[in-house]
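Listed features, source TrEMBL:
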{"type": "DOMAIN", "residues": "12-79", "note": "domain 'Release factor glutamine methyltransferase N-terminal'"}
{"type": "DOMAIN", "residues": "119-200", "note": "domain 'Methyltransferase small'"}
{"type": "BINDING", "residues": "Glu147, Asn197", "note": "S-adenosyl-L-methionine binding site"}
{"type": "BINDING", "residues": "Asn197, Pro198, Pro199, Tyr200", "note": "substrate binding site"}
Amino acid sequence: MDETGRHPLRVVLRQAQRVLARAGVASPRVDAELIAAHVLDVDRGRLPLVGPLDDRTVARIDGLVARRATRVPLQHLLGHAAFGPLTLAVGPGVFVPRPETELLHEWGLAALRGVSEPLVVDLCTGSGALALALAAARRDATVHAVELDPDALAWARRNAEERAADGDRPVVLHAGDVTDPTLLADLDGRVDLVVCNPPYVPLATPVPPEVAGHDPARAVFGGEDGLSVIPHVVRTAARLLRPGGAFAMEHDDTHRDQVLALLAARGGFTGGTALDDLTGRPRFVTARRTG
Ligand SMILES: C[S@@+](CC[C@H](N)C(=O)[O-])C[C@H]1O[C@@H](n2cnc3c(N)ncnc32)[C@H](O)[C@@H]1O
């Protein structure tokens, strides 16, 4: 506290960082700064310009830091997550979109180059991240998104309404199950791009407290071996895609060979390719539907 009874921000941040580091938070400095920026309603980059804080503001920052120290995801505390150029509302009941999934978005966009008015399907949409990012980047696209969990679907709906209000073509949301062999049957053989980030973590895999306690289990775990949903996604994609249509799916870094084998066994795909994430781990497969 300074002589006027106010608190220099750097002191508040240093204390917050200590609390978060003790709690095992992976990026204590970034999280402390983002929480302070949120409370102060400024961009993180402008924090150095902020003057000393009053007791009430410090209490609000400390309160959020204390919750973050119990490993509530930062995005739940802020109420939103960044996904590519989008800011999506997230909170309890929906999977927080991850930066690595942006690679799927970029691959999908590249695959649509030269296709006008593309028809796109995002299976297992969660917050709507992939579907909404694709719709934002391709205003001529018709994008369908499927989600099984009603809570997650409610977040997707909220995000979709916000994007549509901002001028994007509305995404068509479906309450549906990717294991249903009749899912979106009216689109059979017509879709230009299918993307999917399904649940794929094997049940016994240890996950951080943010995931274990706050991401819905149905969004994360794909049964005993992590592969309970993926074969259905492959089957559905094969049915929906037109000849030459593109398919991209995220998977666990231990599943590359099994997922490529599933694609080969299903048949109807060509050019099955494994892609690495930015840390060099195999995390995606891509392929094209044969004619
Ligand atoms: C890993 S999350 C991905 C969410 C979003 N695509 C993203 O990348 O942020 C998987 C999502 O699939 C949904 N899901 C799980 N099983 C499903 C099924 N059988 N059919 C449709 N959606 C399912 C979960 O509820 C969850 O929202």
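For all residues, glycine too, the Cβ spot is worked out from N, Cα and C.
Taking the C-alpha positions, the distance from Tyr200 (substrate binding site) to Glu147 (S-adenosyl-L-methionine binding site) comes to 15 Å. Residues Asn197, Pro198, Pro199, Tyr200 make up the record's substrate site, and a Cβ search at 8 Å around their centroid adds Cys124, Cys196, Val201, Ala219, Gly222, Val229, Ile230, Val233, Met249, Glu250, His251 from the same chain.
Put simply, Glu147 (S-adenosyl-L-methionine binding site) is 10 Å from Pro198 (substrate binding site) when counted between their Cα atoms. Around Pro198 (substrate binding site), taking its Cβ as the centre, 20 other Cβ atoms fall within 10 Å, counting all chains. DSSP assigns Glu147 (S-adenosyl-L-methionine binding site) to a strand in the three-state reduction. Using a 10 Å radius centred on the Cβ of Pro199 (substrate binding site) and all shown protein chains, the other Cβ atoms total 22.
Taken in sequence order, the binding-site residues Glu147, Asn197, Pro199, Tyr200 that lie near ligand 1, meaning a CB under 6 Å from one of its atoms, are Glu147, Asn197, Pro199. Between Pro199 (substrate binding site) and Glu147 (S-adenosyl-L-methionine binding site), the C-alpha separation comes to 12 Å. The number of other CB atoms found within 10 A of the CB of Glu147 (S-adenosyl-L-methionine binding site), across every protein chain shown, is 28.
Counting only same-chain residues at least 6 apart in sequence, those with a Cβ under 8 Å from the Cβ of Asn197 (S-adenosyl-L-methionine binding site) are Thr101, Leu104, Cys124, Gly126, Ala129, Leu130, Met249, Glu250.
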